[in-house]
Amino acid sequence: MSVTLDLSRMAPSMSKEGGDAPKALINLSGLTRAQLLVALTESGVAEHGKAKMRATQIFRWMHHRGVTDFALMTDVAKETRARLAERFTVSRPEVVERQVSKDGTRKWLIRMAPGIEVETVYIPSVGRAGALCVSSQVGCTLNCSFCHTGTQALVRNLTAAEIVAQVQIAKDDLAEWPSDKEDRLLSNIVFMGMGEPLYNLGHVADAIEIISDNEGIGISRRRITVSTSGVVPQLEALGDKTQAMLAISLHATNDALRDVLVPLNKKYPLEDLMAGVRAYPGLSNARRVTFEYVMLKGVNDSPDEARALVKLIKGIPAKINLIPFNPWPGTDYVCSDWAAIEAFGAILNKAGYSSPIRTPRGRDILAACGQLKSESEKVRASAMRKLSMAAMAGVLDDDDEAAA
């Protein structure tokens, strides 16, 4: 299989007054091994006949050992390291803020570029294992009414390097370099952070290939789950390109209600969504789809809704995650009573569907499901307020001088 790589597309120009715009350094962390081989060959960095070996060496340094400086790649020739540093980078984005919940959940606010921030969350489990919830976009276009992220307008897609960087930063903080395959703290990846992954499938697929590569981080694709609100035309491509586990952000059993909770449903209604799920590549009892269902008091939590859910997903190898609603500033929704959640789950269990109730984690640091929202908007709003105040101050100064 041949791989082509448009290096100019991956490194957008940066403006420079009075001359040609210099090219930004390409972050090699966002290249699959095949893409890395092409980059080294096309740039002329790798010695003749050694490009494949160099690609594997550099990949292992980035993703097995977690280095952020070419100078530390001691089994790469010194001259080659110098040429790499002239053209590429393996640096991390800036961690603006790190928070740790009383339950051990960790949240990082990561600045990918000026004004471009995302949140990433590590959720520890009962044992050593834990899941990392990564973002695929800055903001979101879907406007799900119960989701805090949906109140932030989409800024842009994240690149594969920016998605992978979230995993690298978590491993930095958890002190999990080198990437041992056993007894690891970070054992699962879930694309359930900010954004709709299927609206950024190319970069998401590359990131999954990098994260799952056994020469590096080596997290099995069966431990990587991609959650979508239901971009039906991309479901088959997701399965074919990534072999990742599928999760559907469902939350309603009829189109009228789902149109309100998940407006994307107006474009891809439940009948189309269920057909797409049934056709998902690799779906089986061993590779079940997960339906996510947020429990909203008086909205979607009745016994009748539970029975309708059983009917809706009949014949699909599935489990249902019942998610107690996590409040956020400004929402009108309220979490279902615990008794109502348990009664809902009992109906699903009786029908043969596993329906665990997700334990709320990280609520005290707004790191729980549906609570993520970057500080980008706040930063931009603050900057605008400062500019306005400065402008007003300038007007007042002018007025004072005129009066004098």
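Glycine too: its Cβ is placed from the backbone N, Cα and C atoms.
Values in this document were obtained by computation on a predicted structure and should not be read as measured data.
DSSP assigns Glu119 (active site, proton acceptor) to a strand segment in the three-state reduction. Marked as active site, proton acceptor by Swiss-Prot: Glu119.
Look at Swiss-Prot and you will find 126-358 tagged as domain 'Radical SAM core', backed by sequence analysis.
Feature annotation from Swiss-Prot assigns disulfide bond to Cys133-Cys369; the stated evidence is sequence analysis. In three-state terms derived from DSSP, Cys133 (disulfide bond) belongs to an extended strand segment.
Taken from Swiss-Prot, the feature [4Fe-4S] cluster binding site covers Cys140, Cys144, Cys147, and the record attributes it to sequence analysis. DSSP gives Cys140 ([4Fe-4S] cluster binding site) a coil state; it is part of no helix or strand.
According to its DSSP assignment, Ser227 (S-adenosyl-L-methionine binding site) is in a strand. Sequence annotations record features per position, and here Swiss-Prot assigns S-adenosyl-L-methionine binding site to Gly195, Glu196, Ser227, Ser249, Leu250, His251, Asn326.
Here Swiss-Prot flags Cys369 as active site, S-methylcysteine intermediate.
For Leu250 (S-adenosyl-L-methionine binding site), the number of other Cβ atoms no farther than 10 Å from its own Cβ, over all displayed protein chains, is 28. Look at Cys147 ([4Fe-4S] cluster binding site): DSSP puts it in coil. Reduced to three states, the DSSP call for Glu196 (S-adenosyl-L-methionine binding site) is coil. The shortest Cα-Cα distance from Gly195 (S-adenosyl-L-methionine binding site) to any of the recorded positions (Glu119, Cys140, Cys144, Cys147) is found for Cys140.
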